[in-house]
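Participant: Take a look at the following structure, please.
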Amino acid sequence: MKLTCVLIVAVLFLTACQLIAADDSRDLKRFSRRKMRDGMLNTKNTEEGCLPPLSLCTMADDECCHDCILFLCLVSP
């Protein structure tokens, strides 16, 4: 009886882990289309104000620098 309960709990636990770790492919498709659209909208005129990667930034300094960590711009599209 104890072994059966332990097996049931183990199966439920492993099932929950699988559900938590599963990818949601619908989100990936939505974000890839958004990135493609944003890439098409960015022209040379809009890229002039962007900071290069690893340059100094502030929190509200540049709209192109999405991650300003320790005053460094880490991601610049």
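For all residues, glycine too, the Cβ spot is worked out from N, Cα and C.
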Participant: According to Swiss-Prot, the disulfide involving C68 connects it to which residue among C50, C57?
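Facilitator: Among C50, C57, the cysteine that Swiss-Prot links to C68 by a disulfide bond is C57.
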Participant: Please report the number of other Cβ atoms within 10 Å of the Cβ of C57 (disulfide bond).
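Facilitator: Counting Cβ neighbours of C57 (disulfide bond) within 10 Å gives 20.
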Participant: Among the disulfide-bonded residues C68, C73, point out the residue whose Cβ has the most other Cβ atoms within 10 Å, with all shown protein chains included in the count.
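Facilitator: Most Cβ neighbours within 10 Å: C73.
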